[in-house]
């Protein structure tokens, strides 16, 4: 009797292997399995945004002009959110609101949900692309982990916040001036600048910018001479064995400046990763809190004293009055369907007026 020992082999024409070979082939633009999610979603999100900013009005949802066709420019055009009355409807083209009518779908704000959802999945696909490529070339996955910060901010601001409110109407519209309006809304209705999570986010983003500037300048300052003056772009190559700059010199310099300095490149670069990503995640957590209408810091004692004493005012109490003004003016303008009317005497006035 003959016993054959060997490994079971798949059919040569296995569909998965064929797809895997084609998707992960070495080409100018890597596709990969993540590309099946990234490329279609990014295409539809960008295409929807360009279509909306070029042709689609916001008259039916916000009472505004928002397209190039109506006279807007790059800074004022936007794909605006659906009307407040549509709540959290996905606004599918074939749904009960538009009933397959593309023009009606655009008028109702269907492009916003289209761009928001495809944009979110495109960002997730881009993160998966970094995971996939890192695994293919045997890198650690910190690029993908870092990109989770922008994804967290996008999802919290554009999806989770309006889900916690009465509808998509209260999310930001996709446009430059529209985002600015949303920032003013956040300040007026949530006192966002006094929120500790916003403070951590600002510290993370600006701290990362500072670290990046310091790091780049320090490396440029400590380049080894190579016979070509200060320019090392032609003298050094990617596979060189020696270092391009002197970490020891950089350490001595900053030790004299601050009294402390990074002595380890790994800790230095991890810190440059940790600061901005943590800041973005903290901001995202703060926005999730705002979705639930959690309040920022309140210094009630100062408000009470300012109300009782006309001569007492702080920057905090002035900002609270400013927030009241934002709410009074923005609510009437931004939610015309509510028919809000504020008489002159109820609009906030500071003690100095």
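Every residue, even glycine, has its Cβ placed from backbone N, Cα and C.
What Swiss-Prot lists as N-acetylthreonine is 2.
What Swiss-Prot lists as phosphothreonine is 2, and the listing cites similarity to another entry.
Same-chain residues lying 6+ beyond the ends of the transmembrane segment (41-61) with a Cβ under 8 Å from its Cβ atoms: 67-70, 72, 77-83, 106-109, 111-112, 114-115, 118-119, 121-122, 125-126, 169, 173-175. The feature transmembrane segment is assigned by Swiss-Prot to 41-61 (among others), with sequence analysis given as support.
Sequence annotations record features per position, and here Swiss-Prot assigns chlorophyll a ChlzD2 binding site to 118 based on sequence analysis. Sequence-distant contacts of residue 118 (chlorophyll a ChlzD2 binding site), defined as residues of its own chain at least six apart whose C-beta falls under 8 angstroms from its C-beta, comprise 41, 42, 44, 45, 48.
Swiss-Prot lists 125-141 (among others) with the feature transmembrane segment. With a threshold of 8 Å between CB atoms, the same-chain residues lying at least 6 positions outside the transmembrane segment (125-141) that come near it are 24, 30, 32-35, 37-39, 41-42, 147-148, 151.
For the recorded site, residue 143 (pheophytin a binding site), the DSSP three-state label reads helix. The pheophytin a binding site feature in Swiss-Prot is assigned to 130, 143.
Outside the transmembrane segment (153-166) by six or more residues, the chain places 81, 84, 87-88, 116, 119-120, 123, 172, 280, 283-285, 287-288, 290-293 with a CB less than 8 A from a CB of the stretch. For 153-166 (among others), the entry in Swiss-Prot reads transmembrane segment, with the evidence type sequence analysis.
The annotation chlorophyll a PD2 binding site is assigned in Swiss-Prot to 198. Residue 198 (chlorophyll a PD2 binding site): 22 other CB atoms within 10 A of its CB, across all protein chains. The DSSP secondary structure for residue 198 (chlorophyll a PD2 binding site) is helix.
Look at Swiss-Prot and you will find 208-228 (among others) tagged as transmembrane segment.
Residues or ranges marked as Fe cation binding site by Swiss-Prot on the basis of sequence analysis: 215, 269. Residue environment of residue 269 (Fe cation binding site) contains 14 other Cβ atoms, counted within 10 Å of its Cβ in all protein chains.
For the recorded site, residue 262 (plastoquinone binding site), the DSSP three-state label reads coil. What Swiss-Prot records for 215, 262 is plastoquinone binding site, and it gives sequence analysis as the kind of evidence.
Note on the transmembrane segment (279-295): residues 148-150, 152-153, 155-157, 160-165, 186, 190-192, 195-198, 200-205, 207-208 of its chain, located 6 or more positions outside it, place their CB under 8 angstroms from a CB of the stretch. Annotation comment: Swiss-Prot describes 279-295 (among others) as transmembrane segment.
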Tertiary contacts of the transmembrane segment (208-228), as residues 6+ beyond its ends and Cβ separation under 8 Å: 234-236, 242-247, 249-250, 253-254, 268, 271-272, 275-276, 279
Neighbour tally for residue 130 (pheophytin a binding site), based on other Cβ positions within 10 Å of its Cβ: 18
All-chain count of other Cβ atoms within 10 Å of residue 143 (pheophytin a binding site): 15
Rounded Cα-Cα span from residue 269 (Fe cation binding site) to residue 130 (pheophytin a binding site), Å: 19
